[in-house]
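To start, the structure under review is shown below, and the notes come after it.
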Amino acid sequence: MNIMITKIFFLVQLFYIVVSKSSAEENCETVASEVHVTKEEYDEMGRLLRSCSGEVSVNKCEGMCNSQVHPSISSPTGFQKECFCCREKFLRERLVTLTHCYDPDGIRFEDEENALMEVRLREPDECECYKCGDFSR
């Protein structure tokens, strides 16, 4: 009898935790961040022609998503988990310019043709909460 009361009390506490956690506000959003990008250019023989780098402002997904744990008689652990992660909903492609370009000897290019390099990258345009591990979307 005492064990049964303890189990019921535990499940009530667990239910309270699940309900209070799942009612929290989701705040998955697109946030600007700085990353260091390096791109190398090679000729047909595989020799390095130039190496360019720069700090680039890009979007990333950041925030919290509601996740839940439910008691379950069918699960071996006794609980069913539903986890959600903040991930990209849409990606957009854009060009960025790298402004620090060097020859294979490490000497910085001064001529306009070699001093800059355009690089195409993809970044999140919009973020959303998705079931963790679900890559089918």
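Glycine residues also receive a Cβ, built from the backbone N, Cα and C atoms like all the rest.
Note that the structure is predicted; figures quoted are calculated from it, not measured.
Looking up C132 in Swiss-Prot gives a disulphide bond to a cysteine among C61, C65, C83, C86, identified as C83. Candidates considered were C61, C65, C85. The record in Swiss-Prot pairs C129 in a disulfide bond with C65. Of the listed cysteines C101, C127, Swiss-Prot assigns the disulfide bond with C52 to C101. Annotation note: C132 (disulfide bond) sits in a coil segment as assigned by DSSP. Note: the CA-CA distance between C101 (disulfide bond) and C132 (disulfide bond) rounds to 40 Å.
Remark: secondary structure over the domain 'CTCK' (28-123) totals 4 helix, 63 strand, 29 coil, with classes taken from DSSP. When each of the disulfide-bonded residues C101, C129, C132 is scored by how many other Cβ atoms sit within 10 Å of its Cβ, C132 comes out lowest. Put simply, C132 (disulfide bond) is 36 Å from C52 (disulfide bond) when counted between their Cα atoms.
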